[in-house]
Every structure is written in C-alpha cells, then in structure tokens.
C-alpha cells in the first residue's frame, strides 16, 4: 500500500527502512494505523501512536 504522509516524524527505529511514530495531529488516522489515539485540542484530533512506515517530511494536503 501507499505510505501515508507525515509532516513531523518523531521516534524512528534504526532499521534500513525505518518505521516511525508520526507526531502529526490529524482529523482521522490513516488506514493501517495500529494504535490511533484521540487527542483533545478543543476539536477531536487523532494521532497514530504505533510505529508505521511513513513518507517523513511530506506535508499532508
């Protein structure tokens, strides 16, 4: 499948093709996110807390 975009990747593992945690707050988690958490910022936003493959540094449109 296609990798989701992520403006700001947080922790990544050290593998050759790293899996990362994306720090972005999004209206809904991407398909395939293993651990989606709701973050209360006044409006319901979500953050994917599992290690996933992302295109890091790619703005999500």
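Glycine too: its Cβ is placed from the backbone N, Cα and C atoms.
According to Swiss-Prot, the protein carries these features:
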DISULFID  5-60  disulfide bond
DISULFID  6-22  disulfide bond
DISULFID  9-56  disulfide bond
DISULFID  12-20  disulfide bond
DISULFID  29-36  disulfide bond
DISULFID  33-48  disulfide bond
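Here the features listed in Swiss-Prot are placed on the structure.
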residue	record	Cβ neighbours (10 Å)
5	disulfide bond	17
6	disulfide bond	24
9	disulfide bond	19
20	disulfide bond	18
22	disulfide bond	25
29	disulfide bond	21
33	disulfide bond	18
48	disulfide bond	24
56	disulfide bond	16
60	disulfide bond	13
Inset, instruction - Report the same-chain neighbours of residue 36 (disulfide bond): residues 6+ apart in sequence with Cβ closer than 8 Å to its Cβ, ordered by sequence. - result: 29, 46, 47, 48, 49
Inset, instruction - Any same-chain residues 6+ apart from residue 12 (disulfide bond) with CB under 8 Å of its CB? Would you list them in sequence order, or say none? - result: 18, 19, 20, 21, 51, 56
Inset, instruction - Give the distance between the Cα atoms of residue 60 (disulfide bond) and residue 6 (disulfide bond), rounded to the nearest whole Å. - result: 6
Inset, instruction - Would you mind pulling the DSSP three-state label for residue 33 (disulfide bond)? - result: coil
